Each structure stands twice: as C-alpha cells, then as structure tokens.
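*Asks:* First the structure, which I've put down as structure tokens, then a few questions once you've had a look.
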Amino acid sequence: MRSCRSCNVRVLVAIVCGLLTGIVLGLGIWRMVIRINRGIFVPVPSIPVQFCRNGGTWQNGRCICTEEWKGLRCTIANFCENSTDGEFTFGSIPVGRYGPSLQTCEPGTLNAGSPKATRLCNVSEFGNIELQNVTKGSCNINLQTLEIQINNQTASAENISREAQVLTADASKLTAQNITSATTVVGQIFGKANNESQAKKTAIATVSQILDASEDVFQKAAEMDNSKSFSNLIKQMENYSYSQGDQTVVEPNIAIQSVTRDDNSGPSVLFSVQKGSSNSLVSGRILINKTANGLNPDGQTELQILLNTGENRKSCGFMVYQNHKLFQSKTFTATSDFSQKIISSKINESEQQRQNKVSVEMVFNPTYDKRELRLHSYACVYWNFLINDWDTQGCQKTGNTTEFLRCNCSHTTNFAVLMSFKKDYKYPKSLDILSNIGCALSIAGLALTILFQILTRKIRKTSVTWVLVSLCSSMLIFNLLFVFGIENSNKNLKTSDSDINVKPENNKIPESDTIETPNPSCTAIAALLHYFLLVTFTWNGLSATQLYFLLIRTMKPLPRHFIIFISLVGWGVPAIIVGVTIGSIYALSGNKRYWELDYRQEEICWLAVPKDNDYARSPLLWSFIIPVTIILITNITIFVIITVKVLWKNNQNLTSTKKVSSLKKVFSTLSIAVVFGVTWILAYAMLISNDDIRIVFSYIFCLFNTTQGLQIFILYTVRTKVFQSEASKILKSLSSSFDRTKPMPSITPLKLRVRMYNMLRSLPSLNERFRLLEPSGMTEETSLS
C-alpha cells in the first residue's frame, strides 16, 4: 500500500481525465452513428418528396402549383413560351397575365427602366394557349401624366386604360405613389367611361396587376391617399359588377360576375369560388346558380355567398378579390403571408332602397398551410365606407364545422372573414444525454477552474489569471443559462381546434392576423445568452491579444491600467451591442405588439433567424455573427503566429535546461486553441447544404464546444504543479484514512528483517516556464500550459 501511495499522482490524474474524455468522445461517436443510421433507414412518407413537380408544394392534401403549371402533380404547362413580335421580345407568360417586354424605356425618359410593351397570354375558345397582340406603351407618359389626362379628358379612356396597364405590368417596381396614381386613374375610368367597355376590362387587368405589389407598398400608399382613391375605386367596381348583364371577367387577382335574373329565377343567387391547383383565380373556378335554395359547400369549395333578396330582382353582381390590399385597415394589421380574400355582393341601389329584407349568407373554407398555422379566431365583417375600415354591425357568426366558417349579414357590400392564426411552432426536444453530460462537465470544470485560479493566484505568480477567470466566469454563466433557460416555456401550452372563437356574441375584429403568446422571460433569457456569449468571445479575443503582447511583442510589464482597460472592453462592449440591438428593434417596430419576436425566436430563447433569407435585417447577423467572425479571424491569426514562432520553434527569448517534447508542444497548442475559441470555426461548417455532412459537423461542433469548460479545466488546472501537488496531498490523506480504517489480521505477523526498495521512477515534469532575459522589475511568469 505504501508503494501505491508513492505512485506519481499525475499518472492517476491523467487516467481519470482520459477516462472522462473517452466517455464523452464515445457518447458523441455513438450518437453520431445512431443519427446516421436513422438517416439511412427513413420511413417512406405517405406522399413522396417529389410528388409535386415544377416548384409545386404539398399542402392540405393537394399540390399547390405555381402559375406556370397546373394539374394533379403540376405537370401540365400553363404558360406561353418565349416569343418575339417585331422589335419586342417576351419571356414566358403565365396564362391570364400580361407579360412585360424585355425592352425597357431608355434612361432620361419619364418611364426609364419600365417595359415598352406587354402581351397577354390567354386560352382560346377551344382550350388552346395562345398569345394576344402586343400592347405598346409610351416612354414619355407616366401614371401622374395619366391622372392629368383623365381629369382634363385630353385622351380617350381606352388609351389611358391601355397605358395604365402597361405601366403597372411589373408590380415589383411599383412605388406607393404609383399605386395611388394608378388607383385614381382606374377609378375615374370606371366612373367616366360609360360607353367604353373595353377600357373597363383593361382597367380590371390593371387592378389585378396592382394587387401583386407588396403589402408594405400598399400600406405606404394608404397613408398618403388623401383623396381616398382606394375607396372610390372599390365603389366604382361595385357598381360595375351588377351592370354587365351575365358577363364574367376573371383576372388572376380579381373576378367579377354580373347576373341578370328573370321571372324563372328564385329569390336567391349563389356565387361560388372553387379551389384550384394554384392560388390564382381562373374562369373555370367561378360558378353561379340563379335558383339556389341555400349554401351547398363541398370539399372543393373555397368560398360561397348566397344573396337573398326576398323577391326576384333584375340584376345583381358579385366580386372576389384575391387579397385585402385595397382594404387597408387601421384596426386589423396583416403581418403574415396569408391572403385574406374579400367577397362582394351588390344589387342596384334604387332597388335596394325599396328592399326591406336583404341578407347575405357566406361560407369560407380558408386555404392556409395547416402545418405552420393554426386558426385562433375569426370575425365576420364588412367594409364600412363611412369610417373607411372594417365593421361588424349587421354581421354575425353562424357557427362553423371542421372545414367551413359561416357568416350572416343583413346588408350587401364587401365582406370578409378576418382570421387570426397562431403559428404552429415546432419546439425542439429537451437537451439529450450527450448535451447534458457535456454541459455538466463544463460547468463543474469551469467552477473548479475559477476557484483554483483565485485561490492560487499568489502561489503561481501568473499574469493571465484575471483574463482566464473572466473568460471562465462568462462561459459558466452562459452554460447555466443555456441548460436551464434555452427552452421556451410556451412549448408546454397546448392548443386545439376547440379553442377557435365561434360564439356569435364574440364577433370581435382581431388586432392582427397573427397571434403570439408573449413571454418576457424568454426574451430576457435570449438577451442574457446573447450578452454572455458575446462576452465569452470578447474575452477569447482579449486573451489572444494579451498573449500576443507577452510572447510576440515581449511587452513586459504590460501597459499601465491594462487590466482595467480590458475589463471595460470585455464586459462593456458586449453590453453596448446588445443594448443597441434591442433598442433599435424596439424603435423600428413602431406600435408592433410582438416586437420581441423580431429579436428572438419562438422555438428557443435565442436570436431570431433571418426570414426569407433577409440577412440584412437579422439581429443574428449584425449583432452576433459579424462580431464573432471578426474575433475568430483575429484569434486564428494570432494562434498561427504563436504556434509557429513560439511553440514549435526555438525562441531566442526562452531558455530551458531540457529539450521540449512533442507531447508538451501538443498540449501547449491545445491550451491556446481552447482559450482562443478556435473550435467555434466548426459552426461555419454547419452551413453546408449537404444534410449528412452538416449532421456530422453538428455533432463534432457540439462535442467540442459543450465540453470547452472541461477542456479548460484539464489544460489549465489539472496539468499545473500546484493542482497536482494539492491533489496528491488529498489522495495521500484519503489513502491514510483508508489504511487506518482497514482491520488488521488477527494472526501476529512474523518479525522478519525486510528492506524494501521503491523501483517506480517519477515521470519527468512536462510543465515549462520561461523568463525574459532582460532585467525587469516584474517577477510574474507566463505559462502556456
């Protein structure tokens, strides 16, 4: 037993640390193998990944195709090929749309950059896709010019309507001023061009094109719409809807159906819109029934409206808008990509005034991605021109089923079902065994390292204690926050379809189309994680800077107040970054209720990821990725310099009485790499698009970085002579206590003269220290181990 106590304690410590490292590495490899095997034996999904072709997506049991394709699997062409007509060249054009020419107006003209002409792709009476004649525009006439012409009547309505259609062909280039001018022009065409039906049909195409502009542009246009051009356009189109006999006009974003009834017609008219393979409106999906007795929705119904007049009327009209962009509300805010359809029913005003009982019944089957959204509530509303906003007066809910939302209103105008959704977030599972073990070992290692560095400061006489303690402290706090706070407590909140607000008395307009469950504690955790991880990287950079001055610049003593300066940088700069980030997001959100989700994610309490690859507005990019990337590039540069000039090369400033072993150099290199945070470069490998490679790097990244605290403990605490000496004393004390408690045998031992020799040889110390040869008043030493 005495011989065992004389064993070199470093061997025992090395064995223990080796076992811990081996266990963690083994768990990591085991988890990686399991994950790869799971990736190989993936169960066959009910719908193959490539079932929907040509950009189609599988939603709610069917393929949603792009405008260029149709059919069950989006395999039937629905566009006109590239074409040339005279001097104009056109790309592919979806059916029902006008395609802009590739030739644009020259610089210096009023419409510089706008297409010179458009061309309609349509379906003939025989079902063939064919191109129509080219419509030319003028490069010296813009929408503001058309406003003047329509007011002064200096040009025909047909010419003005044609010019407006060409100018709005590329909706992505429309500004708020363009939207306001275009709606003004089109509204006056409907009001003044009494006998020019072609001008009005072209104007409908213009409205459809305008509705392709972004929601942000429409919101800005509504703010500057002092003349109420939106309201005027809506009213004029209502009047147009019942004045065209039995004519149907269908554009991708708007459909109009006029109905003329006779004595054989019933008291009700049913207008239906059926689902299709794309989100655009097409003529085959618009149905009318003059003798309907009630609503009769089926699985293909997207919406229906039943107009009850009580007695036969000569004319009525229906209209459906693909989205709500013309109806800019001050009480209801649209923030998601979901398209709120608007449906309108209208009868002649003079006849309506004599009508005592006019009612409208509606049924909606909203199309949205049920994998991402869950319906929370809805309201049956109409557009009130007096307040220029949505109103619920005279409208009520009449119950709903699993698919359909039903409404009833006592008047006719533009109706909608304003829906609010809760996003169906996919909350991640709790940390697995590997992450928990790695974090637990790191937390324990960091805590022991901090205590050791503080308690043995005077004994070791090293100049890096404060930097290492600050680094370990920030890393320790980050690990604790990560383990106990990264998960959002909202994941435990359960919602179901029974939560939908369907009570008639609760017909209240929602504030937004997206409902979020606020969680200020999660936002606070995200801010703290953001701060302490930035602090960790900042101290990584300061550690690299300090070693650079000590080893490469041989700057001893360090500048006066150096510790105070780096402390202000290490703890203060990250606080400024986090504070500016949160303050900027809050200021830019305006009156947005759920501004915090612009800063953090809902799935976990961490920085928000870019939406639609919009990295320019992502806090993750500006307040984390860029600062961390700068620090890592600097650290790696310094790491390479120190490795080449100090660790793996004989330095003239260092003296040693023995040869430095390769093992010693490896440990010194690893020590610096860990403190510099070099392993974080593996995070960039996780951006690889290949799933298998990304998974491998993800596990390697987690393995190295969750155990970073353990690595620091082994390399900066366990390997020091002070720790080994204290650990040796503790082991000897425990061994002595064990010997005293061990019962002695009852047999009296023979008294023999025995001489014992200790044949174990102590291993040579691998801990290197150096002093500068220049005289200095400083007596501190710098250790790389």
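Think of each number as a place in line: the chain as shown, counted from 1.
Cβ from N, Cα, C; glycine included.
From a predicted model like this one, the values you see are computed outputs, not experimental measurements.
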*Asks:* Pick from 196-241, 380-425, 610-655, 702-747: which range has region 'GPS' per Swiss-Prot?
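*Replies:* Feature region 'GPS' in Swiss-Prot: residues 380-425.
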*Asks:* Tell me if the membrane topology in Swiss-Prot places Ile693 and Glu147 on the same side.
*Replies:* yes
*Asks:* When you scan the chain for residues with a C-beta under 8 Å from the transmembrane segment (524-544), skipping those not six or more beyond its ends, what do you find?
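*Replies:* Same-chain residues near the transmembrane segment (524-544) but 6 or more away: 464, 467-468, 470-471, 474-475, 477-478, 481-482, 485-486, 566, 569-571, 573-575, 577-578, 581-582, 599-601, 605-607, 623-624, 627-628, 631-632, 634-635, 638-639, 675-677, 680.
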*Asks:* Does the chain bring the transmembrane segment (436-456) near the transmembrane segment (695-715), so that three or more CB pairs sit under 8 Å (pairs 6 or more apart in sequence)?
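*Replies:* Taking Cβ pairs at least 6 residues apart, the transmembrane segment (695-715) and the transmembrane segment (436-456) are in contact, with 3 or more under 8 Å.
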*Asks:* What's the CA-CA gap between Asn178 (N-linked glycosylation site) and Asn289 (N-linked glycosylation site) in angstrom, rounded?
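*Replies:* Cα to Cα, Asn178 (N-linked glycosylation site) and Asn289 (N-linked glycosylation site) are separated by 38 Å.
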*Asks:* Where else in the chain does the transmembrane segment (466-486) make close Cβ contacts, counting only residues six or more beyond its ends and a cut-off under 8 Å?
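*Replies:* Distant contacts of the transmembrane segment (466-486): 431, 436, 439-440, 442-443, 446-447, 449-450, 453-454, 525, 528-529, 532-533, 535-536, 539-540, 542-543, 546, 563, 566-567, 570-571, 604-606, 675, 708-709, 712, 716.
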*Asks:* Would you list, in sequence order, the glycosylation sites among Asn82, Asn152, Asn159, Asn239 whose CA lies within 10 Å of the CA of Cys380 (disulfide bond)?
*Replies:* none
*Asks:* Quick one: pull the CA-CA distance for Asn159 (N-linked glycosylation site) versus Asn133 (N-linked glycosylation site), whole Å only.
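*Replies:* Checking the Cα atoms of Asn159 (N-linked glycosylation site) and Asn133 (N-linked glycosylation site) gives a distance of 15 Å.
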*Asks:* Could you pull out which residues elsewhere in the chain have a CB under 8 Å from any CB of the transmembrane segment (562-582), counting only those six or more residues past its ends?
*Replies:* 466-467, 470, 527, 530-532, 534-535, 538-539, 542, 545-546, 599, 619, 622-623, 627
*Asks:* If you count Cβ atoms within 10 Å of the Cβ of Asn122 (N-linked glycosylation site), leaving out that atom itself, what do you get?
*Replies:* 15
*Asks:* For Asn178 (N-linked glycosylation site), which DSSP three-state class applies?
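*Replies:* Its secondary structure by DSSP: helix.
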